[in-house]
C-alpha cells in the first residue's frame, strides 16, 4: 500500500478557475469513488464507456462510486472512431438528461480518446456544462487527451472539426489499465510521448532513447514518462489555452497524421491515430530537412527511435492503396490549422526545437508528398 | 443621415477578452458590411436565417457584405422552435464546414431567438469556435438573446438543455426591422423588457407604464427601451457570466414560462415564449404574494401593465387544454435551474425587488399551481 502511494504522481494544471489535478498511478479505478467525492461534491454520476473497456472496468468503477455514496448510471458505446459522431453525441446528451445529471453532478469518461472526446463534448454542452471526470484507459489518452480540454467529434469533412474546449475537473490515469492494452495500442500512444520530447524537451527524448524498454515494461519508468508528458502538455496549454499561438506546437506530426487517417478512412485495421502521428512526426522532420532547417542526422535519429519501438515512419508502411496526393492536400487544407488560406505546419530546427510556421506554400507540401510516395 | 446616427445607441458589454458592442438603431442591416469589416477582419461569412426573415433581409445583408469585400454564403431554415434541434445543428455545422469557415471568419445569425440560439451554438462548436455576429430581428431577441452568450437547442427533455456559452463578437440590432413584426410578436418581446424593470429597475418599470405606447409606436422611445434592456441584462451578465448566482435573476417568470411552453408542446399558435414569460411573471408575483413576500397591490400593478399592452397574465388565457399539474411540476423539475434536487425560483419583495430563492418546497409550488388552475 505504501509502495502504491509512493509511486503515484500528481500533475496540477493551473488554469485559474478551470485548474485541475491529474493523478497518475496504479489502482486508481478501484479508489475512484474516494478521489472523486473528496474533490467534487456530486451526488450523481453518469459513466460513459465503450464495450471493450466497460466489460473489464465498469463494474469495479461502479462499485467504488457506490461505496463512496455516488449514485451512478452508465452507457456503453461501440468502440472505435466512428462513435465520435453527431448521432452518438445526441445519444449521450439524451442519456445524461434522462438521468437528470445536474450542473454539479459528474460525467465520467471511462475509456480512450474516442470516449474522452465524445463524453467531454457532451459534458460541456448538456446544461451548458456539467462536471467532467476523465479516466483515460489508453496510453494515448493518458498523455494526450487528459490534458488540454479539447473535445469533439468527427464529421465527413474531417476529424475533431466540431467540439468545445472543456477542461476536466479531475483526471485519474490508472496505469494498471495499460497492462491490458495490446502492444500495437501501447506503441501508438507512445508516439505522443516521443512528440513531447521532440517539441521542446531534447533531454526527455534522450531519456526515452535510453529507457523506452522500461517504459514499455511498466513500473516507475512508465509512470515517469506519463507524468513528464502530462506536465509537458500542461505547460504548453497553460501558456495558450485557446490555441492562438504556442499551443499549435502540440500538432507536431498531426497535420500529416490527420491527412493519413482521412486517407485510410479512419480504418483502424490500417492505421490508428498514434501510427499516423508517428509517420507524421517522421515526415515533419524530413520536410524540415527538405526546407534546409534541419540536418539529416537528426531526421535519422528520430526515425531510428520510432523504428526501434516498432512504430511506422513512412507512408508505404500503411497497408493498402492510398488516395491521390490531391486528396491528401485537400485533407490538409480542411484541417483546423488553416489560417487565411495559408498552410500552417509545425517544423523543427533540431531535436526538441520545433516551431510554428505560418505560411508554408502548398506547392512545397505537394512536391514533398509526391516525393515521399515515390510518384 | 445625421438624424439616423444621432438616434443610434451603443451598449458595450465589458467581458474582458470576450467584450463586445451592441449597436441599436435604424438602418443597420444596410450598413452591416461596414460595421462588421471594421470590427472583425474576416474575409468570409456564413449567414444563417429563417425563411420568413430571409425573404426580406437576406438580399440587403448579402449586398452590404459584398460591398465591403466579405464573401458570403447563406442557409435558410424553417422558422419556428422545432428548428432548435440536433438535426438542424448538424446541418448548420455541415454547411459551415462545407463553406470552409475558418476561425477568424464570421457566422452571422439573421433572425429571432431560434436562429440566434441555434447559430450561436454552431458558431461555438465548429472548429471549437469561430467569430459570431448577431443581427436579431425580433424585439425578444434584441433585448434578450443578443446579450449574455447563452446558446442552445431543445431536446425531448426540455428547452435549451443543450448548448454553450458563446458571446457574440458584435450585435447589430436594426430597429427598422421591428416595424414588420406582427403586433403579437412585438408584444411577446415586450414581456422581456418589462422583466428588466421588475428585476431591479423600478424606475424603468414606471417609465414603461407611462411610455409604453411610444415604445410600441417606434422611434426614440423604442430605441431607449431596447438600449436600457440590453444595458440591464449586460450589468447582470458581467457580474455573473456563467450563471452561478445573480444571473439567475434573469429567469424571473421563466421557470413557470418554460413549463407552460412544454405544456403546450412549443406550439406557437397557442403560446409563444414571451407570452409564457408574461404569464410566468404574473405567476411569480402572485406566488410571492402567497408566500407573504409581496403586497397584493404590487401584484395588481404588474398585472395591470401586462394587460394594458395586451399580454396574457393567467393560464386560462392559453387556448386549449393544459396537461396535469404533475406534468407542469415535472417540466419545472427538469428545468436547468434545479440544484441538488431543490427548486430554485425567482421571487420578489416588490416592484424591482426580485431575488433568487434556492429552496422553494415543491409542495408549495404544486398547491399554488392547482389553485391558479382552479382545480
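The backbone N, Cα and C atoms fix where each Cβ goes, glycine too.
Heads up, TrEMBL stuff is auto-annotated, nobody curated it.
The annotation in TrEMBL ties A:254, A:273 to Zn(2+), and of the candidates under consideration, A:183, A:192, A:330, the one tied to the same site is A:192. For the pair residue A:192 (Zn(2+) binding site) and residue A:138 (NAD(+) binding site), the C-alpha distance works out to 12 angstrom. Secondary structure from DSSP puts residue A:115 (NAD(+) binding site) in a helix. Each residue of the domain '3-dehydroquinate synthase N-terminal' (A:76-187) gets a DSSP state, and the totals for helix, strand and coil are 47 helix, 30 strand, 35 coil. Counting in whole angstrom, residue A:138 (NAD(+) binding site) lies 12 from residue A:273 (Zn(2+) binding site) by their C-alpha atoms. Those residues noted as binding NAD(+) (A:113, A:114, A:115, A:116, A:117, A:137, A:138, A:150, A:159) have their most widely separated CA atoms at a distance of 21 Å. Note: the domain '3-dehydroquinate synthase C-terminal' (A:189-338) comprises 108 helix, 1 strand, 41 coil (DSSP; helix = H, G, I, strand = E, B). Neighbours of the Zn(2+) site: apart from A:192, A:254, A:273, residues of the same chain with C-beta atoms within 8 angstroms of the site's C-beta centroid are A:140, A:144, A:191, A:195, A:253, A:257, A:274, A:276, A:277, A:280.
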